[in-house]
Structures are given as structure tokens and as C-alpha cells.
Amino acid sequence: LKMQGAAAALRSSTLPGGCRAAVAAPCASRHAAAAVVSSPALQPAVLRVVSGGRGLRPLSLLEDGRRNRTPASVSPAAAAAAVPAGDAEERGDIAGTVQLGAMIVAWYLLNIYFNIYNKQVLKVMPFPYTITAFQLAFGSLLIFVMWATGLHPAPKLSLAQLGRIAPLAVGHMLGTVFTNMSLGKVAVSFTHTIKASEPFFTVLLSALFLGKVPSLPVLGSLVPIVGGVALASMTEVSFNWIGFWSAMASNLTNQSRNVLSKKLLAGDDKEPMDDINLFSVITILSFLLSLPLMLFAEGVKFTPGYLQSTGLNLQELCIRAALAGFCFHGYQKLSYLILSRVSPVTHSVANCVKRVVVIASSVLFFRTPISPINALGTGAALGGVFLYSRLTRTKPKDA
């Protein structure tokens, strides 16, 4: 009788959904959860919550149901946007590669035209201090235009930063002066062959000022550099001691600037400055420093009366000097931009190729006579530079 009474009680408590009253609340909760989970807009969020619960195994059923859905249940907008996203990324990579290639080509061309125009100007007007001041003034003008138009934000300088950058500006100014002195005395190809010995001064100055001891492979890479420069010097038709030592002094001052920049700007994290603005400030300070040097060394000679007495075409001279100044500033700015896009190893290799291109183009343009031994010496020096760049840049601490 008791069992019959219990069965009658259970039958009387039957719900329309087929659940008993004792389990009506759990069933209602499950129906509500299923309704929420089946909503396309909230399904991903619910799945994440469910997957984070402990001991909730129905997730596998939901996943199975999602895997068995027909393609018609997938959002058409999401399916249509998947392919264009991949194509856009691929097009972006191609566009970036093309842009980088165009920048490298422009870097090479500006180097070539700078050396050609600069050599032509120095040949008829042998005033390296004045030419240097003009080139730095032209670059300073372009920098102010860049800041004024908002192409690049102007830096906020402190007196402490100016004090650390000033020695770098001295090295930059002197390096430009000595390069122009060498280009005025010897062939462009010979100047750049001597300037290929920059790694020798880098190793020497880094050991003296930074305490960095080079490895044996790095020292070995200096042998073809020094030997190649010596061989090229002995067989150079346009050899001149002033041109030779001026190019060597340019290597010394330029690499001193690079080594001092690591030492003087090492603790400048509180006042960071990007490479473009650093180069811009160095250019402006170099121009200000070159003015008294120009007036003291060549100011008396460089007068309108003197220029008229030489019979030079002033308009043609000014145009070529302006083009040389534009190319001078442009190729240095592009060098910084390229370095910000590629690794130091790639930039070093591109710089080595650039020197080869400049030497070859100057030989062809000026029809510089070159012997096989001279070409061998130049090639050995450039090969040593390439090897040096690979050995020094592949170390993680130097990257």
C-alpha cells in the first residue's frame, strides 16, 4: 500500500516537460542554459565559462555539436572576411619589401651622385672647410623643414643632452672635413678604398676606450683589410699623401664619434632620443662648429671677387654644390631609416655593397685608370670588411 501511495504521488507531481517536481528546478536550469548556449551571439562566451568550470563534462557534447554544424550555420561575414585578411597581410609584406628595396636603391644612388657632384665642386673650388659648412648648412635647413612641417617630431633637448652630443658633433664635422680634403686630392675610388679600413680603427678605439678585446677571428679579418689598402695605395695612380692621410684621419674621427656615442649616451635612458633626431642635432651642431673653422681657414679666400677672378660659372657651381649637399644629407638620413627596418647584419652587408657600387661607378664616370693589382687590393679590403661585419654582428651581445 505504501508503494502504491508513493507511485500515485509521483504521478500527481508530473510536469508538462516530463520532469518530476523533485527535479523541476535542475531541469529548468538545464533548459535555460541550453537556450543561452544555443544563442549564436553568446555561444563563445558561454563556452569559455563552461570550459573553465571544474567537473563539467557536457562541454564535449557542445564541442561535438559545433563540429557537426553545417556550413550554413557559419557566419557569412566571418567566412568572407577570412580570405581578404590573409591577402591583405601578404600584400602588406610585399609592399614593405618593395619599399625597403626602393630605399636601398635610393641610398646607393644618393651616395653615387654625392661623390660625383662633390668631386666636381672640389676640383674647381678646393675649399674643403667651406664645402663642409655648406653641406652641413643645407642639411640643417632640411632638418628645420622636417620639424616645422611635422614630418618628424622635434626633440626636447636638455643642457645635459647637448653636453653629451657636442663631442659627437665635433667628430662628425671633422670627419666630413677630412673626407672632403681627401676627395679634393685623390680619386674617389681611392678615398673609399682607404675608408674601407674603418674596422681597424673601430677595433683599436673600442679596445682603448671601451675595454672590448676583439676575438682572434675578428683580428684575422683585419689582415685582408690592411693588406688590401696597402696594395691599393702602392699601385694608385692618383696617390697623394695629403689625400691619403686625410682619408685616414676621416676614419679616425668618424670611428671616434661612433665609439664615444656608445660611451657618452650609454646612460641616457631617462632622456631617450631616436636616431633621426640624434643625427639631426649632430648635424646642426656640426654646422655651428664649422663656421668659425671655415672663416679662419678659408674665409678670406672665399669672396665674390676671388670667385669672379677664377672664371667659374657661379650658377652652375652653386647648383652642383646644392645637389651635393642634398645628396649628402639624404643618404645619411636613409641610412638611419634602413637601419631601423633591418638587422645590423643586413645593414652592414648593404653598406659594404654600397662602397663597392660607389667605387665602381666613380671609376666608370671619371674614367679612373686602375691596374689589376690595384683592383685586387681594393677587392681584398672590401672582402675583409664583409667578413668583419659578419663576425662582429652575429654575436648576440653586439646585435
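Positions of Cβ are set from backbone N, Cα and C atoms, glycine also.
Unlike curated entries, TrEMBL annotations are predicted automatically.
Listed in TrEMBL for this protein:
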type	residues	note
TRANSMEM	94-114	transmembrane segment
DOMAIN	99-389	domain 'Sugar phosphate transporter'
TRANSMEM	126-148	transmembrane segment
TRANSMEM	168-188	transmembrane segment
TRANSMEM	200-219	transmembrane segment
TRANSMEM	225-247	transmembrane segment
TRANSMEM	276-297	transmembrane segment
TRANSMEM	370-388	transmembrane segment
Six or more residues beyond either end and a Cβ under 8 Å away: which residues meet both conditions relative to the transmembrane segment (94-114)?
323-324, 327-328, 330-331, 334-335, 337-338, 341-342, 350, 353-354, 357-358, 361-362
Return the average pLDDT for the domain 'Sugar phosphate transporter' (99-389) as a whole number.
88
Give me the stretch from 126-148, 168-188, 225-247 with the greatest number of Cβ pairs under 8 Å to the transmembrane segment (276-297).
126-148
Under 8 Å for C-beta pairs, could you tell me which stretch among 126-148, 225-247, 370-388 has the largest tally with the transmembrane segment (168-188)?
225-247
Cβ under 8 Å to the transmembrane segment (225-247), counting only same-chain residues 6 or more beyond its ends: which ones?
178-179, 181-187, 190-191, 193-197, 199-200, 368-371, 373-374, 376-385, 388
By a Cβ-Cβ criterion of under 8 Å, what residues six or more beyond either terminus of the transmembrane segment (370-388) are in contact with it?
189, 193, 196-199, 218, 221-237, 349, 352, 355-356, 359, 363
